[in-house]
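Quick notes on the structure that follows.
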Amino acid sequence: MWRWVRQQLGFDPPHQSDTRTIYIANRFPQYGHYTPQKFIDNRIISSKYTMWNFVPKNLFEQFRRVANFYFLIIFLVQLMIDTPTSPVTSGLPLFFVITVTAIKQGYEDWLRHISDNEVNGAPVYVVRSGGLVTTRSKNIRVGDIVRVAKDESFPADLVLLSSDRLDGSCHVTTASLDGETNLKTHVAVPETAVLQTVANLDTLIAVIECQQPEADLYRFMGRMTITQQMEEIVSYFFSFYISLMERNSNSKKTPCSKKYAIPLGPESLLLRGARLKNTKEIFGVAVYTGMETKMALNYKSKSQKRSAVEKSMNTFLIIYLIILISEAIISTILKYTWQAEEKWDEPWYNQKTEHQRNSSKILKFISDFLAFLVLYNFIIPISLYVTVELQKFLGSFFIGWDLDLYHEESDEKAQVNTSDLNEELGQVEYVFTDKTGTLTENEMQFRECSINGTKYQEINGRLVSEGPTPDSSEGNLSYLTSLSHLNNLSHLATSSSFRTSPENGTELIKEHDLFFKAVSLCHTVQISSVQTDSIGDGPWQSNFAPAQLEYYASSPDEKALVEAAARFGIVFIGNSGEIMEVKTLGKLERYKLLHILEFDPDRRRMSVIVQAPSGEKLLFVKGAESSVLPACIGGEIEKTRIHVDEFALKGLRTLCMAYRQFTSKEYEEINRRLFEARTALQQREEKLAGVFQFIEKDLILLGATAVEDKLQDKVRETIEALRMAGIKVWVLTGDKHETAVSVSLSCGHFHRTMNILELLNQKSDSECAEKLGQLARRVREDHVIQHGLVVDGTSLSLALREHEKLFMDVCRNCSAVMCCRMAPLQKAKVIRLIKISPEKPITLAIGDGANDVSMIQEAHVGIGIMGKEGRQAARNSDYAIARFKFLSKLLFVHGHFYYIRIATLVQYFFYKNVCFITPQFLYQFYCLFSQQTLYDSVYLTLYNICFTSLPILIYSLLEQHIDPHVLQNKPALYRDISKNRQLSMKTFLYWTILGFSHAFIFFFGSYFLIGKDTSLLGNGQMFGNWTFGTLVFTVMVITVTAKMALETHFWTWINHLVTWGSILFYFVFSLFYGGILWPFLSSQNMYFVFIQLLSSGSAWFAIILMVVTCLFLDIVKKVFDHHFHPTNIEKAQMYSNTVAFSDEFIALQPLSRARSQLSKLRWKKIRVQSAQHMNLLKASTEGRTVGTC
């Protein structure tokens, strides 16, 4: 029983085996005693709290804060011993702070619950009891057969059973998981691919054994054991599958066997978060659900993020706690020192009881120490936390209301999921960004190409030549489509004579024809619908509608190139088994696909071997120029190389196209070698690489393509602004090396003049260490040149395993770093490595897919892009925006303002509490440390809650110490607030010393006024101790409020209302509180005290004199610093004020007066040395309107 309880509470989780057994459709064995394994449900949880744990968990988190825990102790002390102040003075503010914070955090978590419920409540179709039923996503159980339709996301990790295709294949995009927008093909095992209907699936009795959940997206091992199938279904499809079974050496069975096992691999697993494409529907069985899916396992566990400001607050609180304890110890010691004299130990008016005389001196000392601790406890500002919480919560709405962060096309505004980190936006030193969907739009566009040494550019769907061609005596063949006789040259498509040096217009067209045929055939593009009517009837022009064909590609480049070829008349219209169909100039041609030589990062190219309609065997090669050009022996190699460099300088992604024709004997040799390599059980990869190298040689170069990966608007400007602000930008992507580098160059992350260092394809620790050492030496030797680093996921794993310090040294000396082929958890590890480095920089991660969630949660600040890859990143982020370009406004304006506001708020709170409690400490020297309070208990309670709270709150919400446009246009101003400069120890000490000095002026100024029993009233009546305390308190309230007014730069009617209204409220409250005998108060020490104080002219004079004295030195310092040592922000503010005054002031004047004002302004700015110059200056304004000025 006890073990069961521990398991339910999560302290003793039940033992799990290394594998899980899943009965498809949850058909458990009917014989014997079988206890099925228990699996979690399919709910996704991103929230922190539940209805049951909210109160204890939230209280635990809140009392981890130093101030909250401290005030809880003080409150308990006040309950247990006799203290000078009521427990209400500590308990009420503490209750208020805890309640407000709990409401705010509860509201934010409630929003997460709403988001989770939206996902978990999505409708899905499940096969149950022989029919297709609709249920909610959260109700999917392990073993359920789920139906997913085209363009829907998979609700759980599914093993593919069948699709609408006979071969059981389907196409998915995993953009939200690994950032790749390419189309991936998944295949069902032939034994279940036949089951394409609900009725047939209901006959399937099978068991899946697979590994327990793990985070690796690309690893899955399992097997399916089939125990029964309908014989008529198997026999019906036997003829189709017999060919497939011949190719599948892993599946050993006969169609009549009753029980057999089929291996399952990653190609059979459909991951939650991926999306079905190019397939009408699929059926799959759920193997991992809920938080055990690979997508959820790649989420980093959500932890409480704390900003640098909050950490500084805790440091300051500890310092003030030391001051508090010191004051309490000093007061206690001085009390017993003073009472060493008998006349002060037991004066005649305060005789001790017998119990007091016999009590323990140690206990009495401790009791007195605690009493002083309670008396001075208000030096720790508990209301600071609630004000900060309110400022963060209310201030976060301004981000959502900012129209500059609103994206009209998608109708998305900025969202704030966690307001605790607003000020952290102003402290970012590293930005880690995803590439696909974050920097780019996920849209590739064909721009230019080079064919046989001539460069072409696409304009309005046509190719325009930029250079001379062999048959163009004028040096410019304006449009290829000007060759009207092209329709009569269809015989060129099947011609067996491929020449590389065209001698006339016919040969020129043949070269272009062959180039675009290579583009249309050398790819792995899939097509969703085949509508060939009216396609390609015009010669290399867009007479047809490309929208009729929907292409899906393994690479975005491939899709853009195939679509471009279709626009120019060479239309790929799909695969039919091993036949690739191409429509050339309106004529349908069929090419037999013999072999695909897949792309790999070492070769950096891919190839296809096809058989032309005439029977010729052709090799078409496509790849990076560095891998294709060295293998070419013919064609315009040097011209093409020059064109490729020109394309690259424009930031375009380039690929070279080449071909080779095989004789029958050559093809037989190639076919034999490929078969041997692909069936090898050992060293298969090395043997294939050797065969590929043997095939891809002696090539004839056809040309090169240039594709633009369309960047989001203003990405280059945003990255450059981040650099100017002193922020380092890292790109972390799951994309290929070439693709990622190309985008980095086009978006300005890498510069063309930058020395690019590479740490790629490292196989061992020693090799990685040697390479890192070489890179470190290069960086040190070429320290003048800017460096960029490219590292892939495999090499990064080795670098982080044993060589973290060396790797970080290289990274810190690089201006830009790009990590490619990154798994989601690797992204988080990189960010954590930077976070824990000695500098402890503030990091920001931004991404748009589920593969970015881990890094978003690991970084100090996580930002999700509401893009095309789902909402996982936006839901799990701290902030969500629609476009990358909004990051500059979010950091440079909102981050800057939030940081300045909260930095002033924190230091102002400590300042005003030092002003508040220091007179209380000084007063003990004049009352024999009797623990007599200087202020009334109501004033003690309301000082931080009512009298001085609103001005600083409104300041922290509305303050703009500089124009927002100046901040955005001058990113360098962001450097002035980095490294938490506004909360440095120097600034903190300044505010603390300022508070002590003001407190001394309050106390001793009031003491000199009425401390000598001077009569300040007309009737000769003396002031008492409550009047003295009220005078100190009044001066203090006015001074700290006026100090806040001095700090305010941006005045609104709200600022005026709360600033002067707070002072007015204090006076009105004091008049009512002290002017009426309230029946519910047991004692009223303040009755008529305030009225009596205000009736004295001397008191009014003293109040004004002390307030002016306190603020005078502060004003002098500000004026001196502003004029002689202005900061960069103050310089920018002066400039913006001058420009704003000139523009706005003149624009508001009548035309005649505007001319006069403009002349005066110019007169002041330009010192005219002579009357002639003066006349010229005046003449320059004649005849001008305000608009021309």
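Positions of Cβ are set from backbone N, Cα and C atoms, glycine also.
Noted in TrEMBL for the protein shown:
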type: DOMAIN; residues: 35-90; note: domain 'P-type ATPase N-terminal'
type: TRANSMEM; residues: 66-81; note: transmembrane segment
type: DOMAIN; residues: 123-183; note: domain 'P-type ATPase A'
type: TRANSMEM; residues: 315-338; note: transmembrane segment
type: TRANSMEM; residues: 369-388; note: transmembrane segment
type: BINDING; residues: Asp434, Lys435, Thr436, Glu558, Phe599, Lys622, Arg653, Thr733, Gly734, Asp735, Arg821, Lys827, Asn851, Asp852; note: ATP binding site
type: BINDING; residues: Asp434, Thr436, Asp848, Asp852; note: Mg(2+) binding site
type: ACT_SITE; residues: Asp434; note: active site, 4-aspartylphosphate intermediate
type: DOMAIN; residues: 874-1127; note: domain 'P-type ATPase C-terminal'
type: TRANSMEM; residues: 890-911; note: transmembrane segment
type: TRANSMEM; residues: 938-958; note: transmembrane segment
type: TRANSMEM; residues: 988-1010; note: transmembrane segment
type: TRANSMEM; residues: 1022-1045; note: transmembrane segment
type: TRANSMEM; residues: 1057-1081; note: transmembrane segment
type: TRANSMEM; residues: 1087-1113; note: transmembrane segment
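If you look at the transmembrane segment (369-388) against the transmembrane segment (988-1010), you find fewer than three C-beta pairs under 8 angstroms, all six or more positions apart, and that falls short of contact. With DSSP classes pooled into helix, strand and coil, the tally for the domain 'P-type ATPase A' (123-183) is 7 helix, 31 strand, 23 coil. For the transmembrane segment (1057-1081), same-chain residues at least 6 beyond its ends with a Cβ under 8 Å from one of its own Cβ atoms are 938, 942, 946-948, 950-951, 953-954, 1030, 1034, 1037-1038, 1041, 1044-1045, 1048, 1087-1091.
Here the C-alpha separation of Gly734 (ATP binding site) and Asp852 (Mg(2+) binding site) works out to 10 Å. A simple way to gauge crowding: the CB of Arg653 (ATP binding site) has 24 other CB atoms within 10 angstroms, across all the protein chains here. Outside the transmembrane segment (1087-1113), and at least 6 residues removed from its termini, the chain residues within Cβ reach (under 8 Å) are 997-998, 1001-1002, 1005-1006, 1009, 1016-1017, 1021, 1023-1024, 1026-1027, 1030-1031, 1034-1035, 1038-1039, 1042-1043, 1046, 1070-1071, 1073-1075, 1077. Each residue contributes its Cα atom, and for Thr436 (ATP binding site) and Asp848 (Mg(2+) binding site) those atoms are 8 Å apart. Among the binding-site residues Asp434, Phe599, Arg653, Arg821, the ones whose Cα sits within 10 Å of the Cα of Asp848 (Mg(2+) binding site) are Asp434. Distant neighbours of the transmembrane segment (988-1010): 316, 319, 907-908, 910-919, 922-923, 926, 1016, 1022-1023, 1027-1028, 1031-1032, 1035-1036, 1039-1040, 1098-1099, 1102, 1105-1106, 1109-1110, 1114; these residues of the same chain sit at least 6 beyond its ends, with a Cβ under 8 Å from one of its Cβ atoms. For the domain 'P-type ATPase A' (123-183), the model gives a mean pLDDT of 85.
Residues 908, 911-912, 915-916, 919, 923, 927, 932-936, 939, 943, 947-948, 951-952, 955, 998-999, 1002-1003, 1005-1007, 1009-1011, 1013-1016, 1059, 1062-1063, 1066, 1070, 1085-1086, 1089-1090, 1092-1093, 1099, 1102-1103, 1106-1107, 1110-1111, 1114 of the same chain, all 6+ positions outside the transmembrane segment (1022-1045), place their C-beta atoms under 8 angstroms from a C-beta of that stretch. Secondary structure by DSSP for the domain 'P-type ATPase N-terminal' (35-90): 27 helix, 0 strand, 29 coil. For the transmembrane segment (66-81), the list of distant contacts is 87, 89-91, 93-94, 97-98, 314, 317-318, 321, 367, 370-371, 373-374, 377, 380-382, 384-385: same-chain residues at least six beyond its ends, Cβ to Cβ under 8 Å. Note on the binding-site residues Asp434, Asp848: the fewest other CB atoms within 10 A surround the CB of Asp434. For Phe599 (ATP binding site), the number of other Cβ atoms no farther than 10 Å from its own Cβ, over all displayed protein chains, is 18.
The distance from the Cα of Asp852 (Mg(2+) binding site) to the Cα of Phe599 (ATP binding site) comes to 26 Å. A simple Cβ count within 10 Å picks out one of the binding-site residues Gly734, Asn851 as the most packed, and that one is Asn851.
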